[in-house]
Amino acid sequence: MKYRIDYASELNPAQLEAVRNILGPVLVIAGAGSGKTRTLVYRVARLVEEGVPPERILLLTFTRKAAREMLRRAALLLDEKCENVSGGTFHSLAHLMLRQYGHLIGYSRNFTILDRGDAEDAINLLRTALGLADRKRRFPRKETIASIFSMAVNKRISLEEVVNEEYPHFLDDLEDLARLFEHYVRYKQEHQLMDYDDLLVNWYRVLKGFPEVRREMGRRFEFIMVDEYQDTNALQAEIVRFMAEEHGNVMVVGDDSQSIYAFRGANFKNIIEFPRLFPGTKIIKLEENYRSRQPILDLANTVIEYAKEKYTKCLFTRREGGATPVLYKARDEADQSRFIADRILELREEGVPLSEIAVLFRSAYHSFDLELELAKRNIPFVKQGGMKLIETAHIKDIVAHLRLLVNPYDMLAWNRVLLLIEGIGPKTSKRLMEYLKVEEDPFEALYRYPSKPSFAKGLNELARLFGELRANLSPEEKLARLYEYYEPIFERVYYDDHPKRAKDLDQLLAIAHKYETVEEFLADLALEPPEASVAEVEALENEDEKLVLSTVHSAKGLEWHSVFVISLAEGRFPSSYALGKEESIEEERRLFYVAVTRAKENLYLTYPATYYAPGEGRIFSKPSRFLEEVKDKLNPWYEKDDSFMEDEEDVGSSFKPGELVWHPVFGEGKVKRMADIDKVVVQFASAGERTLHLKFARLERL
Ligand code: ATP
Ligand code: MG
């Protein structure tokens with residue numbers, strides 16, 4: 001048969017083998033960037049080209065977006081028929097199938113899916129019915145209960161184990177939680193409801209209990225493919241086994257070294273056990289990496305050499321040359337942020353689009369300092385896998401108090417601040433604001449308000465707080481005093497997860513440390529979105545190009561021209577939760593492997609040598625053990641000596657210090673000095689100091 005796609009020239013021999021072998025079970029086990037996902041895309045096209053009806057092909061991926069993207073690529077290769085391939089997640093498949101077969105286990109065709117919010121509401125309802133809501137004692141919130149239940153189902157462990165590990169402060173409530181769980185399960189059955197986890201559990205039950213359904217599945221989906229198989233859990237592995245039982249035409253691809261969802265019940269051993277589930281499996285290993293330059297790959301290989309358990313092997317690339325990954329030891333977090341922003345602007349001047357650059361971190365709060373720096377420098381960004389600093393509720397609470405210090409008539413801020421006080425609801429808050437807005441000194445006036453006993457104490461404390469905050473204190477001292485006031489509120493309002501949120505507050509305090517006045521601090525916190533003038537010009541220049549900030553978990557499977565992995569200090573990456581637990585450290589190492597293997601051309605690893613720890617002041621951090629392991633593969637970055645450069649006379653270029661220049665994005669500026677031989681540092685009126693590459697910057701002399 002003559003194919004329209006020239007597979008042999010687009011794929012290497014091992015990939016080609018995986019694409020051509022369409023009958024029987026195939027396992028592709030290979031390291032990062034070796035073309036596993038690409039192989040799946042070509043195999044989809046190949047099957048369609050062979051004449052398999054697209055809807056008979058099933059492609060399972062980790063997110064729905066990933067499936068859409070892969071089918072879009074297959075459609076570009078061959079034709080739009082590929083878009084009709086059945087693609088999605090295990091959950092979307094289970095949903096579709098249960099509509100048809102759910103009746104076999106007592107569900108009608110019209111069962112209702114509870115999304116996470118619905119599930120929480122149902123839990124809330126039952127909690128009230130069981131009398132667990134009225135008590136004075138604090139019972140976990142509905143969101144937390146839903147998480148506990150879900151984790152138990154996914155990991156197939158007991159509620160007790162979950163609570164013990166993740167929510168030890170609720171151990172006293174274990175019996176009540178177990179009772180609630182029973183009721184929740186019964187309630188869903190009686191009312192024809194399924195939550196997300198039930199979709200998997202129930203689909204598994206149907207497949208297990210009804211051989212005729214398995215046969216029907218075999219006829220319906222003649223070819224099955226699964227990406228990122230290392231992150232499937234036990235239930236999903238069983239589902240794959242049943243779905244392909246009839247014909248065995250199933251190909252799974254994955255990398256055991258990239259298994260990073262054990263905390264949600266995934267088991268990387270699934271991939272190693274696949275050949276046992278499907279005797280006669282053809283195992284294909286891909287060893288050539290097409291993504292990263294050799295020095296990046298050398299580093300990645302070293303990371304994985306240290307892993308205790310691994311199946312995959314060393315990768316090589318023909319992408320010779322390229323820069324050695326950079327290690328930047330920053331003085332502190334502020335310096336780390338500045339370094340990253342500087343490098344990003346340089347990369348952009350070199351012509352790398354912002355969307356081809358990513359900053360990766362272990363936990364969402366690690367990027368807070370950087371977010372402020374980026375906003376200040378007008379570098380637009382998106383964040384994946386976590387909340388931005390200024391979006392989180394508890395940070396908003398704190399900011400509302402600070403805003404009042406600057407403007408005592410900021411009624412939006414008053415509303416937020418007042419509602420946090422126990423005993424004050426929307427009506428009281430409204431009345432109070434009516435009263436405050438005509439007072440000359442609203443803070444003093446708080447003392448004189450005819451309070452009801454239910455909230456008199458709270459209001460008095462607030463008045464005293466503001467009295468103290470008006471004293472001549474640094475922003476950091478003010479924040480520390482504010483936290484004292486806020487702590488009981490914080491623990492009451494966010495009682496179920498305040499230990500996790502507390503890290504954000506510490507981080508805010510560390511940031512406040514840099515500022516002289518509350519006004520400046522607030523101005524930076526409010527700098528989002530960047531000032532319209534500059535942002536608009538930039539939007540015109542490069543259509544919505546945005547830098548990507550992402551947790552490592554959300555960066556799985558993706559790639560960028562340049563990647564920064566930040567906050568590589570013990571307790572951050574690896575996370576403090578993992579310290580001392582060997583298995584968890586191994587998962588952190590795999591996570592680090594995922595992070596560094598996202599980079600194509602440039603990789604920068606950074607860590608702050610000191611942290612600002614609330615209550616302790618500046619403390620030294622310990623570089624991540626992963627940095628220690630790869631230090632031979634890194635090139636330490638030293639800042640250029642500025643004074644030396646300043647003395648240097650104009651090195652054959654056309655700009656001299658003091659000259660006035662014009663830049664299409666940054667506007668008017670004044671040349672400060674030359675940096676290196678081909679860069680110029682310009683102080684711009686609106687955009688601050690920038691280092692520009694002479695070759696790329698379109699600077700004009702004024
Ligand atoms: P990960 O483990 O990170 O998910 P992967 O194994 O799925 O990686 P891909 O994302 O499929 O790897 O491929 C990495 C990069 O290498 C992509 O840009 C892809 O297009 C390219 N690539 C893979 N194989 C080839 C090939 N044979 N020829 C040219 N480019 C290739
Ligand atoms: Mg992939």
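Yeah, the Cβs are placed from backbone N, Cα and C, and that goes for glycine too.
All TrEMBL annotations are machine predictions without curation.
As annotated by TrEMBL, domain 'UvrD-like helicase ATP-binding' applies to 9-293.
All protein chains shown were included, and the count of other CB atoms within 10 Å of the CB of Lys36 (ATP binding site) stands at 25. Secondary structure at Lys36 (ATP binding site), as computed by DSSP, is helix. For Ala30, Gly31, Ala32, Gly33, Ser34, Gly35, Lys36, Thr37, the entry in TrEMBL reads ATP binding site.
According to TrEMBL, the feature domain 'UvrD-like helicase C-terminal' maps to 294-557.
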_Beyond the listed site residues Ala30, Gly31, Ala32, Gly33, Ser34, Gly35, Lys36, Thr37, identify every same-chain residue whose Cβ lies within 8 Å of the center of their Cβ atoms for the ATP site._
Asp255, Leu286, Asn289, Arg291
*In sequence order, which residues at least six apart in the same chain have a CB under 8 Å from the CB of Ser34 (ATP binding site)?*
Leu286, Glu287, Glu288, Asn289, Tyr290, Leu315
*Taking ligand 2 as the reference, state which of the binding-site residues Gly35, Lys36, Thr37 have a Cβ closer than 6 Å to one of its atoms.*
Lys36, Thr37
*Could you please provide the mean pLDDT value for the domain 'UvrD-like helicase C-terminal' (294-557)?*
86
*Determine the Cβ neighbour count for Gly33 (ATP binding site): the number of other Cβ atoms within 10 Å of its Cβ.*
26
*asked:* Using other CB atoms within 10 angstroms as the count, which residue among the binding-site residues Gly31, Gly35 scores least?
replied: Gly35
*Which chain-mates of Thr37 (ATP binding site) that are at least 6 residues away have a CB under 8 A from its CB, listed by sequence?*
Met70, Asp227, Val253, Gly557
*Ten-angstrom check, please: count other Cβ atoms within 10 Å of the Cβ of Ala32 (ATP binding site), all chains counted.*
24
